[in-house]
Amino acid sequence: MKMNNNALSKIVVSCCALSAAFSVSALSFHADISLLAFPFAAAYTLVLSYFAVSKLFGIRPGAASSGGDPAFIPAVRTMMQYEPFVLLISFVLRRAGDEGTPYALDCIEVFLWCAVSVLVLVVLHFISPKSIRAWSPVWHQVLVDRKYEARKGRFGRRWLLVEALGWVDALVQAVFMVLLLNIFLVQLYEIPSESMVPEFLVKDRVVVFKVLNGPKFPLSDIGLPPVKKYGRGDIVVFRNPHYSADRKSEVRTFVSQLVFMCTLTMKNINVDESGMPKADPLVKRVVGVPGEQLVMVDGRLYSRTKDSPSFSVVEDDASWACWNLNAVKEPVKKGIREFVLSADDVAAMERVERAKSALSVEEAREKCAAIADEFDSLVEGGSVSSRKFGGGGEFSLSPRELFSFAYFDGIDRKSVSLFNAANRSEWFREFMTGWCASVPDFGDDMYAESNFKLNLLFKMKFGSVVVKNVENLLAGVPMSLWDDGGSEKDDLVSYVELLDRRSMPVFPASASDGTPSYIPENCYFMMGDNRFNSLDMRHSYEPHLASLAESDKFGVLYPSNIAPMYVPRSKILGVASYRFWPVSRKGVPGHTGM
């Protein structure tokens, strides 16, 4: 492109005019922070126009051009470099108030910003030293003379101030440039937790490409169209849907990114209500895709679709889901900070799951009835026991005593209280067999069936321990030698603590008539690979009370945070495409740990 002063002046005037139009579009009449958008953009545009149009090119309204002064090229170049950033901040300020902006206005401002940015790049290209030398030898000579004069004054306070300002300018521009890259093109992300072990360790650094994922301008829905299609197994970075996505939160997120970079990652103001850094964004693996219904039982993920109405195992999930960190490769194992389960804990968990799997409801019905009969034979078997221990009040268990962690607490004392109670036989038989009349039809809900069986294991263990303790009571065995349930009881209690991470209910939940629901189009379900140490889309941040068997009035209770949710594609920022740190583990993420 052939350039001269006249052509370049027209480009500069056009750039300033478009900047002025952007400033006018940022005008707000609301009494909040959005009022700052117009004066912020307008003041900068006015100053830029003064130096770029009036001083550099000598253009003044109503007067002939004076030819301008090329000595202002360095100042204009610097101001031009900041113009897109100033307008972007104005764009954010206009949307940071209590009221939103129309979609049409967003489109207009984005168009103006893009036009200004393109013209700025054109101007910066032609006022660079190399370009000026080619199209304007006179201007080039002026700049050479000024540079020579500046070298002669390389001492003193003024020189130090100029040098310091130059470094500050370079740093600020670098921060803004990185911010633009983070918004639209690519972001470097540091892994903050062990939720993706063994794929990623804490402090691993990955590159996340955004351009194919539909990046948008801050606080708006305007951006590039999403092109990327996500599949099961993709490792994605996405905004945490557990946090509020209102305008105030989005403003805080944008400002926190800016502060984080300006302070060289030393200050993070993106915190929650308790002052803790937000877990946002998250990095997890896509395990559920549109059109699927999922369920997870005993660490095995199942899915079904409209075309395949029966649940089948998701075989791929087993290749990246890690349930036993003790078995990962030794080089990766050395970098793991927390082992949630020891090898013995894993063995105990698997014992419970084998017992559940082997148990049938019919078999449990017979065993529970047999335990109740045995209790009856003990307490009603002779006048001696009745005279010695009978005649007490009514026995019951409080809701707290039905919690898994308290279920077997003081079972020796409970056994004596039950034996002394007037309603001992009636209560114990109802406890052991009352559930038999209301066994649900589980259908395809293997999660509910599995939990129901776990509840029966608790019940049968509790009943058998009570019967054994009553035998000891009648035989005069010291209470210190009575049965407390042993390791089998410990295994059951520990298993419930793992339940919300080891299993997941049918998701999305089926209708009340059993009609399946499916993950909607453009939505995905994510989990961390380190399933016992990942707070992910299986979980809520608010715990609730749950029962292993809702139909059983004596069902085991436990605090649960299971509340699966899918993530809209609009919240996905990009795919973790490359791990560049540590160098020893650099490369495209795959399944590297097991």
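Glycine is no exception: its Cβ is also placed from the backbone N, Cα and C atoms.
Whatever TrEMBL says is automated annotation, not expert-curated.
Listed features, source TrEMBL:
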- 1-26: signal peptide (SIGNAL)
- 36-58: transmembrane segment (TRANSMEM)
- 79-97: transmembrane segment (TRANSMEM)
- 103-127: transmembrane segment (TRANSMEM)
- 160-185: transmembrane segment (TRANSMEM)
- 166-306: domain 'Peptidase S26' (DOMAIN)
- Ser195: active site (ACT_SITE)
- Lys284: active site (ACT_SITE)
- 515-581: domain 'Peptidase S26' (DOMAIN)
Checklist entry - Taking a Cβ cut-off under 8 Å, which residues six or more beyond the ends of the signal peptide (1-26) line up next to it in the same chain? => result 37-38, 41-42, 45, 48-49, 52-53, 56-57, 59, 65, 67-68, 76, 80, 83, 87, 90-91, 93-94, 105, 108-109, 112-113, 115-116, 119-120, 122-123, 126-127, 131, 135-136
Checklist entry - Cβ under 8 Å to the transmembrane segment (36-58), counting only same-chain residues 6 or more beyond its ends: which ones? => result 5, 8-9, 12-13, 15-16, 19-20, 22-24, 26-28, 65-70, 72-73, 75-76, 79-80, 82-83, 86-87, 89-91, 93-94
Checklist entry - Distance between Ser195 (active site) and Lys284 (active site) at the Cα atoms, whole Å? => result 8
Next on the checklist: What are the sequence-distant neighbours of Lys284 (active site), meaning same chain, six or more residues apart, C-beta distance under 8 angstroms?
Outcome noted: Ser195, Met196, Ile235, Val236, Phe238, Met526, Met527, Gly528, Ser534, Asp536, Met537
Checklist entry - When a 10 Å sphere is centred on the Cβ of Ser195 (active site), how many other Cβ atoms does it contain? => result 24
Checklist outcome for this item: Across the domain 'Peptidase S26' (515-581), DSSP yields 6 helix, 33 strand, 28 coil
Checklist entry - What does DSSP call Ser195 (active site) in the simple three-state scheme? => result coil
Checklist entry - Counting by DSSP, what is the helix, strand and coil composition of the domain 'Peptidase S26' (166-306)? => result 38 helix, 35 strand, 68 coil
